[in-house]
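TrEMBL annotations:
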- Ala33, Gly34, His35, Asp52, Phe79, Asp100, Gln107: S-adenosyl-L-methionine binding site (BINDING)
Amino acid sequence: MREHQSVMLNEVLDAVGGETNVRTVVDATLGLAGHSIEILKRHPEAFLYGFDQDAEAREIAAERLAPFAPRFEIIADNFRNIGLLKEIDGFRGADVVLFDLGVSNLQISEPERGFSFQYDGPLDMRMDAGDEESSHPKAEEVLRTAGVKELTEIFRDYGEERYAFQIAKGIVRHREHGGELHSTTELVELIRKILPAPVQRKMGGHPARKVFQALRIAVNDEMNALSEALDGAAALLNPAGKIIVISYHSLEDRMVKHRFRKWKEEELGEPNPRKALLPAEDEVEANYKSRSAKLRIFEKYEEDEKVEDEF
Ligand SMILES: C[S@@+](CC[C@H](N)C(=O)[O-])C[C@H]1O[C@@H](n2cnc3c(N)ncnc32)[C@H](O)[C@@H]1O
C-alpha cells in the first residue's frame, strides 16, 4: 500500500504554525512524506530533513518529495541519531521536529515484513530490514533465543499483555518440544493454543495483537530509540521551536509526557497545550489507525540563545 493517510494532519499543520519563522523542519519519521509534503507546501521558505530507517519508505518519500527539490534532504538513519544533525554543514537549528511514531500502512500491509497478525509472513518486524546491515534481530530470533523471563517482560512491558507469563511459558515449552516459529501464522496459532478459549473471548480484540506490538517494539528497540531521540531533538531546537509527537500507545505517550514535564522543570520551555490532543471524530471514522493517536506539542521558550551559537 503506497498510500498512507497522515494522522492528525490539520493539528500538525496548526502546531507548525504560521508562514514565518519556520525555516528548518525535521521530520523524524518521514514515512511516505505525507506530513512533510503539506508542511513544505505551506512553508515555502522551509528546508526539511527527513529521517526514516526503512529503505522502501525512503524511496517512495524521495519520489513524492521530488517536486520540492532542493528543499529537502532524506537521511537514512534511525531517529535515535537525530542529534547528529548539528554536525551537518549549514544546519541552523530546528524550528520544528515532528515524530509520527510506529509503523506506516506500507509496512503493516506487506505480509513479508511480518508486522501484522492478519497476514501470513515471516517473523521479521525489523523496520530497517531493507538495509544490508540491519541493526536489529528478527522477531523470529527473539522468539527462539529469549527465556521465559525476558519474553514475559517483553509482552508485559511493551504490550501490556495480561497473560504475558502464560504466553512466554507456552512459547518456551513449544521450543523445548522441538517446535519452531518462523511465520506470523505459526505464532498466532500457538498463542491461540496457549490461551484457553474463555480467556481469548475476554481479551476483546485479537488474542495476538499485544504480543505483536510488544515484539515489534522489542525488535526495533523502540523505547530506547525514542528516549534518545527526544533528548537529541530538544538539543536541536531554536528559540520558540517546537517538538510535535504523535504516539499510538500509552508507553510512548507516557514517555513523551514525562519528558516534556522534565524539560519544563529545567525551564527549557513548556507543553502547549498542556494536555494531549486527540483526533476529531470524523478522522477516527475515516481512518481507523488514528483511533489511538495522541498528539503532544512542546514549545521551547523564546529567550534562549540560538542553538547554532552553542557549537
Ligand atoms: C507512521 S509512519 C510516518 C508516516 C508519515 N508521517 C506520513 O505522513 O507519511 C512512521 C515511519 O517512521 C519510521 N520510523 C519508526 N521508527 C523509526 C526510527 N527509530 N528511526 C527512523 N525511522 C523510524 C518508520 O519506518 C515509518 O516509515
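Using the three backbone atoms N, Cα and C, a Cβ is placed for every residue, glycine included.
Location within the structure of each feature annotated in TrEMBL.
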| residue | record | Cβ within 10 Å |
| --- | --- | --- |
| Ala33 | S-adenosyl-L-methionine binding site | 27 |
| Gly34 | S-adenosyl-L-methionine binding site | 21 |
| His35 | S-adenosyl-L-methionine binding site | 27 |
| Asp52 | S-adenosyl-L-methionine binding site | 27 |
| Phe79 | S-adenosyl-L-methionine binding site | 25 |
| Asp100 | S-adenosyl-L-methionine binding site | 26 |
| Gln107 | S-adenosyl-L-methionine binding site | 22 |
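Following the DSSP three-state reduction, the secondary structure of Phe79 (S-adenosyl-L-methionine binding site) is helix. Under DSSP, Gln107 (S-adenosyl-L-methionine binding site) is assigned to a helix (H, G or I) in the three-state scheme. Residues Ala33, Gly34, His35, Asp52, Phe79, Asp100, Gln107, recorded as contacting S-adenosyl-L-methionine, have a largest CA-CA distance of 18 Å.
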